[in-house]
Amino acid sequence: MKIAILSRDGTLYSCKRLREAAIQRGHLVEILDPLSCYMNINPAASSIHYKGRKLPHFDAVIPRIGTAITFYGTAALRQFEMLGSYPLNESVAIARARDKLRSMQLLARQGIDLPVTGIAHSPDDTSDLIDMVGGAPLVVKLVEGTQGIGVVLAETRQAAESVIDAFRGLNAYILVQEYIKEAQGCDIRCLVVGDEVVAAIERRAKEGDFRSNLHRGGAASVASITPQEREIAIKAARTMALDVAGVDILRANRGPLVMEVNASPGLEGIEKTTGIDIAGKMIRWIERHATTEYCLKTGG
């Protein structure tokens, strides 16, 4: 097969591993910067051009689209879909997962347990917003934040009010969430491919922090997950219509709670921690699903 990887930086670990895994299985691979793609949207002869040339047909496309370029990145992916390329995660699913509010609404509607959460835009009644989620301690987030940026633990009501007031000055969407103390600064990242959790790690925040993101200095170890955690991770990925997802789970006294569903999970931390060839599993999923039937279904 001919496979395109959409990424702004082909030197990143995840891109290199996916390219390596695809080549090892006999596929042709090209890494394309989605921002350098430009598109002819024409009912008779749609096409995608890249750095002065018209791109050939790709059997499959692997999107590694960063949050900052979601709009144009998903537009480029959508054009590949229109031309009959199989996407490892469809453009609409990626856009849905990047919208934190919509994601939580969809998960809640499917009965998937979440931390008690409130969301507001520059709330005038800060006190009621805090009461709505059960009071302090609580976590205050900017909806647009990633990798732990724009996330604050407010341990007292006064601190919560101060943080919310500060965020209000940014004219931003504010997410207020109960703090799961018993998780002790840890979460579980489940890597879902299709209908299977192929790997899981426990991420522990560095000392003095409560955010377990590896980008912020957190540590990782292999996690043994329960059948309930496995089920909720797969259900969350399926709810978001993602073939590949990183599902972040908190272990609360009342059971596992989904924190986030990531449409473009990094592979470095979880592959190096578990020793599992996740990139290879993703390529094998493509081999099973980038079929003639898919092209016929999409008009490719």
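Each Cβ is built from the backbone N, Cα and C atoms, and glycine gets one as well.
Copied over from Swiss-Prot:
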type	residues	note
BINDING	Lys141, Glu178, Tyr179, Asp187, Arg211, Ser212, Asn213	ATP binding site
BINDING	Asp248, Glu260	Mg(2+) 1 binding site
BINDING	Asp248, Glu260	Mn(2+) 1 binding site
BINDING	Glu260, Asn262	Mn(2+) 2 binding site
BINDING	Glu260, Asn262	Mg(2+) 2 binding site
DOMAIN	104-287	domain 'ATP-grasp'
Excluding near sequence neighbours, so keeping only residues 6 or more apart in the same chain, what lies with its CB under 8 A of Glu178 (ATP binding site)?
Pro115, Val116, Thr117, Val133, Gly134, Leu138, Val139
Specify the nearest of the binding-site residues Lys141, Tyr179, Asp187 to Asp248 (Mg(2+) 1 binding site), where nearness means the distance between Cα atoms.
Asp187
Across every protein chain in view, the count of C-beta atoms other than its own within 10 A of the C-beta of Asp187 (ATP binding site) is 24
Per-residue pLDDT averaged over the domain 'ATP-grasp' (104-287) comes to what?
88
What's the CA-CA gap between Lys141 (ATP binding site) and Asn262 (Mn(2+) 2 binding site) in angstrom, rounded?
16
Spacing of the two Cα atoms, Asn262 (Mn(2+) 2 binding site) and Asp187 (ATP binding site), in whole angstrom, works out to 14
